[in-house]
Amino acid sequence: MTYLYNFFFFFFFFFSRGKAELIRLIFAYLQVKYTDIRFGVNGDAFAEFNNFKKEKEIPFNQVPILEIGGLILAQSQAIVRYLSKKYNISGNGELNEFYADMIFCGVQDIHYKFNNTNLFKQNETTFLNEELPKWSGYFEKLLQKNNTNYFVGDTITYADLAVFNLYDDIESKYPNCLKNFPLLKAHIELISNIPNIKHYIANRKESVY
């Protein structure tokens, strides 16, 4: 299989959002050009991926992966942290970096619960009535405490993009889930109206997940 490489970053995932979407949002926000390679656009995704694995040595044999000058970086969360640090959206100072990472880790916890509900149909009632309002309350309080429209400091970090990506997913299934969380709802709207993010969302190809 031959790919046309146009930019310095080459990002590989399936034709879906999943664990790749936050990374794509980071690229969009930063206006960093990259080659977005998606298995399954023109055929069998898993056949394409299996052929790809024969050509390249991939840590853990899974995607997403980010290739930079022949160096392959794996694990979505590690890629998020790498890009955020590289492009200075990881928080100003050691403590803010910690808080951004703390919120990012929290997002992973609730996103995992949502995926179990959305993809595997597990405990939807419990998620909708207990887990989702509980975690939304956590994020609401963090915004209230920071009191700057952002989760960390007074400017955007990858924590803001991670929370946005989470609720971009959740609101597609539960559109009224933030009605009792005004600060969180306003924050999601704030991020969604950043010009680069707005343009990316408007032009994003639809996918099953």
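Glycine is treated like the rest: Cβ placed from N, Cα and C.
Under the three-state DSSP scheme, VAL63 (glutathione binding site) falls in the coil class. Within 10 Å of the Cβ of VAL63 (glutathione binding site) there are 22 other Cβ atoms, across all protein chains. Look at Swiss-Prot and you will find GLN62, VAL63, GLN75, SER76, ASP109, LYS121, THR125 tagged as glutathione binding site, backed by similarity to another entry.
What Swiss-Prot lists as domain 'GST N-terminal' is 7-91. Look at the domain 'GST N-terminal' (7-91): DSSP puts its residues at 38 helix, 20 strand, 27 coil.
As annotated by Swiss-Prot, domain 'GST C-terminal' applies to 93-209.
Minimal Cβ crowding within 10 Å, among the binding-site residues GLN62, GLN75, SER76, ASP109, THR125, is found at THR125. Residue counts for the domain 'GST C-terminal' (93-209) under DSSP, split into helix (H, G, I), strand (E, B) and coil, are 86 helix, 0 strand, 31 coil.
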